[in-house]
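Here's the structure, in structure tokens; my notes come after.
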Amino acid sequence: MTTVDFFTAQFGGVLMILVSLIGLFFNVSAFYQYLSQEKTNFYIMCISKTISNSLHLLVYLAYNGPSALLYTQIGPEWLNRYLNQAIAYGLYCQGPLTQALITINRFLIVYFQPIIVPWYSKWITIGSLAFCWIIAFYFSTLIGFPESCLIKFSHQKLTWIHEECPYIIHFILQSDFLFLVLPLGLFSNFMNIFIAINLFLLSKSQSLSNETSRQRRKTTIRLFIQNCFEDWIYVLDTVNSLFIRDSVNDGFVIFLVTLGSNLITQVADGFVMFMSNYHQSRKQRVSSATRVRYLNPLKPLN
């Protein structure tokens, strides 16, 4: 594996810090947008996703970026290993897992169109998310395996290093989680096809005579589009894992298609969630301000 020079490593470090800051802006903003919304199952799952994305990005901002910029390992090696094991596998798998739950949620909403959501549905959602976080925690720590099975970030090579691990878990990790990420991506996109077909059929068969029905239909379509974009973000990163990562030799290009792709995935995910809800949040703020002005005409809007 090619070693990069000092200035290339510094440039990579600056990129990681700047891009992670942008990603944190989108994800933290989306987090607060979702907090201001009604706590539906969909929004609860999105809140969980913004948290995992933000933790992911913090590792690049506080550790990998500065490590490359200073061209040295920061802190003990175990810290390096656990942080990078988390962003390469643990926290990373949280995205596709949560995305699969979101797709199932959209499928149930579109096909069954419940007027009243059962009270226990939120507990099912919270339980499912807790299970996803347990999986993420395990693959971040690999409890029961030696520390050498955890990957580490090399500031000299600007990528991750896998050391020999005489267990099957090493084979699974070396396969870039294709046993988990690829099936989840295929499942989500397969479900999206059925959701799209049903939305099309409903648009032809139903007349939306009142404003509430029209707004509900717009929201359903908006959230479905958001879900599709988020699915394809992970699909593209998986394609990168399959066909691109092993075919490049240049040190900086290796950085772009490994850590760069891993980082951009979280930024793009946050951007999609932020943009999907920006207009909706703005409309709610304007509506709230207008209502306050109506109830108290003497109070200024700002």
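A Cβ is built for glycine as well, from the same backbone N, Cα and C atoms used for every other residue.
Note that TrEMBL annotation is computational and uncurated.
According to TrEMBL, the features are:
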type	residues	note
DOMAIN	17-277	domain '7TM GPCR serpentine receptor class x (Srx)'
TRANSMEM	6-30	transmembrane segment
TRANSMEM	123-145	transmembrane segment
TRANSMEM	177-201	transmembrane segment
TRANSMEM	252-275	transmembrane segment
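Counting C-beta pairs under 8 angstroms (sequence separation of 6 or more), the transmembrane segment (252-275) reaches the transmembrane segment (6-30) with 3 or more such pairs.
In the predicted model, the domain '7TM GPCR serpentine receptor class x (Srx)' (17-277) shows an average pLDDT of 83.
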